[in-house]
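As structure tokens, the structure follows; a few thoughts come after it.
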Amino acid sequence: MIVTETIIRFENVTKQFDNDPPVLDNVSFEIEKGKFYTLLGPSGCGKTTILRLIAGFLEASEGQIYLGDKVINQIPANKRPVNTVFQDYALFPHLNVYENVAFGLRIKKLKKDAIDEKVKEALRFVNLKGYEKREISEMSGGQRQRVAIARAIVNEPEVILLDEPLSALDLKLRTEMQYELRDLQKRLGITFIFVTHDQEEALAMSDEIFVLNKGEIQQSGTPIDIYDEPINKFVADFIGESNIVNGKMIQDFEVEFVERRFECVDQGFRPNEVVEVVIRPEDLEITSAEKGQLQVTVDWMLFRGVHYEVGCIDTDGNEWLVHTTRKVRVGDKIGLAFEPEAIHVMRLGETEEEFDKRLDSYDEVQ
């Protein structure tokens, strides 16, 4: 049996500025020790506010924030065992790499030998051994980020907060740094809390994802859970690309949409309950019109390198997005085929607690 330890807990936390609507609205969640968490959502959803509340840069309007079993609402930022890597890295341009990393240790008045040992160890961890005397102005974007991370880990915090640290990097370097950050977190065993609006980053790096919108957590879970079983239309649309249509749950394992009935793997709905149906573009297979479960017309096509992105319209006017390696032409009449497992049925207005309970019932039946 795996024993988990909660390191951070929010209980009914609200953050409001003046008389504006709450930036965070009655948010509760737990962060387990030693995992990589991502706070994911669009601009203004509240993800950076959560980070700043944990760091101590903001104070909650309501609710309690715990570190372990201790309430930290009133503990100042410099007294919390937390370090932050900012979007712009916040390095000191007049200090070299060594002095940037050593800065926090000097504030703590550690002995010179201890500082030297810790700084060199931190730089080894981020693959910057031998860069101690390098000026910050001489470093690339990826190297500067490594310096910022070394400065964070040298203080041996219990939690490292990362506020969109990859956003300024080009695509190739960003992908490399995703791997490096994930590998570093595993080697250190420290809890990482990463903020991003990039869905691919979140899916690639995280043990757990919290999807936020309008100051509320819409869904939390593993990347696979959230991608395969989105709780609502916002999550389905925000995480990857989705085809979403209105439907009706006829009975367990049978759903109706586009005026046809299909076998599915969902259950626990009321007979004839109005629902929303999601099918991912990569789960649709292009066939001949006669063999397809849906008959559509190709409306447009884009080449994306590893696949074609094909936009189609069915006879009812619904738009369908398909990812395929098969080349078609605009105006072609084609069929779309899919397996029952590709259909995901979403209950309107379902809470995360209700959603989790329904998914648990699937496991019990299986």
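Here, residue 1 is simply the first one shown, and the rest follow in order.
Cβ coordinates come from backbone N, Cα and C, glycine included.
What Swiss-Prot says about this protein:
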- 8-239: domain 'ABC transporter' (DOMAIN)
- Gly41, Pro42, Ser43, Gly44, Cys45, Gly46, Lys47, Thr48: ATP binding site (BINDING)
* **Cβ-based neighbourhood (8 Å from the centroid) of the ATP site, residues Gly41, Pro42, Ser43, Gly44, Cys45, Gly46, Lys47, Thr48 excluded** => Thr49, His197, Leu212, Asn213
* **Cβ neighbour count (within 10 Å, all chains shown) around Gly46 (ATP binding site)** => 22
* Enumerate same-chain residues with a sequence separation of six or more from Thr48 (ATP binding site) and a Cβ-Cβ distance below 8 A; give 'none' if the list is empty. => Asp163, Glu164, Val195
* Cβ neighbours within the same chain of Lys47 (ATP binding site) - under 8 Å, at least six residues apart -> Leu39, Leu40, Gly41, Val195, His197, Phe210, Leu212
* To do: Select one residue from Gly41, Gly44, Cys45: among these binding-site residues, choose the one with the most other Cβ atoms within 10 Å of its Cβ.
  => Gly41
* Asked: Which entry in the list of binding-site residues, Pro42, Ser43, has its Cβ near the fewest other Cβ atoms, using 10 Å as the limit?
  -> Ser43
